[in-house]
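Colleague: Starting off with a structure, shown below.
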Amino acid sequence: MSIEMLAPSTLDAKLRPSEEDLMNPMHGSGAMGSMDGKHEGTMMASEMLSHPMHADDPHNPMNFPLHRKIFVSFTAWLFAATVAFGATCFTAGKAQFIQDFNIGTGVPLSFIAGLSLYLWGIAFAPIWTPHVAERIGQSIIYLVALPVCGLFILGAGLSTTVASVLVCRFFAGLTGGPCLVLIEGTFADMWSARTTNTYYAFLGTAAYFGASLGPLVGGYLIKATDNWRWTQYFNVILIAVVFIFGLGQSETYQREIPRRHAHKQNESRKEFCQAQDPALSGVTFGEMLKITVLDAFLGPFIDPIVALSTLFLLFNFAVVFQWFISVPAALGAPPPMGPGYTIDRIGLAIGVTGMVGATCAALMSITIEQVSLRVFKKKSDTLNSLSIEHRLIPAMIGQFFITTTLFWIGATVSPSFSPLVPIVGTAVYIFGNASIIISVIPYLFDALPPAGTLSALTSAASARILFASAMPMVILYDITALTPLWAFGIFGFISVAMWPIPFLLFRYGPTWRAHSRYTKVAANIIDGTETRGKMPSRDSETTAYKNGAMGA
């Protein structure tokens, strides 16, 4: 089989985007895609980005048998959850860590930094992961990133100084982060864009379940061993088990699949790659730096959709990770200041509330999307009347629970109330928080033309994780200086200021999308005025979305 037979130019012309698609991938009302998930009619941005292969190609991940789709999806879910688990399991060993390294009294910043630096490392993953994935595919990155992450976690467990623990924790997050990045692309490769909120509800629970199970499992490990290092050793064992399970992971990146088939036919991989259209994640180092660093940094300052979405996400993500520091401090305080919970009970409280809240949010989001699809299907022969702004409905609901629970928890973290009252409040908070994440990120998938998707998602991902890494470092100071009522009350007042955001996006989103800077860039590409040259096909545009989005 020759290279020409596999090259992108052989794709049926009807599978390539029209000028209208590139100028405004959600033109008209912003259709939610075809019912069968194939590329017919108006294409969504995420379809152009994720599905360059022919719809009838048996190697197309969209055509995988259901059992294979489930296996690949579940494997990606396990990889992401395991990395998230590594972030928070460490927090259960606070007392033993302080004792082991003779850390003085007061706020143990060197211990909290073990969580923050892990998150800091993850924050850089959306910047470099897409460029590596474009060149070698996704499956290899999964199988390299997780064990390397495990080696650094093992290094943290074996460290004899605080500095070496923190360095290892940072690099564990940096190397494990791609598992949280690529999961979104893996799901998008196989599942229909019309049900983005539905499949994102499943993949979104990976980070919540992993992070929630960390303190739960860690608490029982500490109770059994009285040694913080076992939170790291167990994590390494878990990584080994998940890695072995994931050895059967299939490649789903639709630019990489034909390359591997060409190689099997004894064709030159290098020549085949040169025959493909240039990837929009950049070819030269300068282009890559511009897209995932410069454009990602400037996005919140030049585009209202990116600005509001990033602001909304970074606030909610920052608040959620402070619970892993503030909840143990509140529940572990001895009477009369607190209930004096043991570490295993604290972990149980965090684990159950996190998983229950995330599950309820996922179920609500799935229900809203499925009901909406059925209602609009009855009203129209097509789904062109159902705009992507409908993906924001869960966020509109969830944000009110955020505000309510911040005041609720701040007012009830007191010996005057049963510990169950703020614990239940935390579960409700997670429900609201997950509802926003599951809603806003899928909206970004198709809110912009493909050229701006990677930059926008990188901006939102890195910003929210950087803020999440900073909040645990200051939360105990805030609570001590302001009391819980005011510390969480301030967050509550800030959340009130966020209320208009999903409604503004719902109301003005179509107008902002039509006049976006990224839409103008797409127009320049079509006119030939953009330096990258010719109008990109769906095959070239696939890089931007699915390798660069963050699921944590």
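In case you wondered, yes, glycine gets a Cβ from its N, Cα and C as well.
Annotations in TrEMBL come from automatic prediction, not curation.
Keep in mind that what you see is a predicted model, and the values were worked out from it rather than measured.
Found this in TrEMBL, in case it helps:
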- 532-541: compositional bias 'Basic and acidic residues' (COMPBIAS)
- 72-513: domain 'Major facilitator superfamily (MFS) profile' (DOMAIN)
- 532-552: region 'Disordered' (REGION)
- 70-93: transmembrane segment (TRANSMEM)
- 105-128: transmembrane segment (TRANSMEM)
- 140-158: transmembrane segment (TRANSMEM)
- 164-187: transmembrane segment (TRANSMEM)
- 199-221: transmembrane segment (TRANSMEM)
- 233-250: transmembrane segment (TRANSMEM)
- 305-326: transmembrane segment (TRANSMEM)
- 346-371: transmembrane segment (TRANSMEM)
- 392-411: transmembrane segment (TRANSMEM)
- 423-445: transmembrane segment (TRANSMEM)
- 457-479: transmembrane segment (TRANSMEM)
- 485-506: transmembrane segment (TRANSMEM)
Colleague: Answer with yes or no whether the transmembrane segment (485-506) touches the transmembrane segment (233-250) by the criterion of at least three Cβ pairs under 8 A, sequence separation 6 or more.
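Modeller: No, the transmembrane segment (233-250) and the transmembrane segment (485-506) are not in contact.
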Colleague: Are the transmembrane segment (423-445) and the transmembrane segment (105-128) close, by which I mean at least 3 Cβ pairs under 8 Å that are 6+ residues apart in sequence?
Modeller: no
Colleague: Using Cβ distances below 8 Å and needing 3 or more such pairs, separated by at least 6 in sequence, tell me whether the transmembrane segment (140-158) contacts the transmembrane segment (70-93).
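Modeller: Contact between the transmembrane segment (140-158) and the transmembrane segment (70-93): present.
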Colleague: Are the transmembrane segment (392-411) and the transmembrane segment (105-128) close, by which I mean at least 3 Cβ pairs under 8 Å that are 6+ residues apart in sequence?
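Modeller: Touching, no - the transmembrane segment (392-411) and the transmembrane segment (105-128) miss the threshold of 3 or more Cβ pairs under 8 Å.
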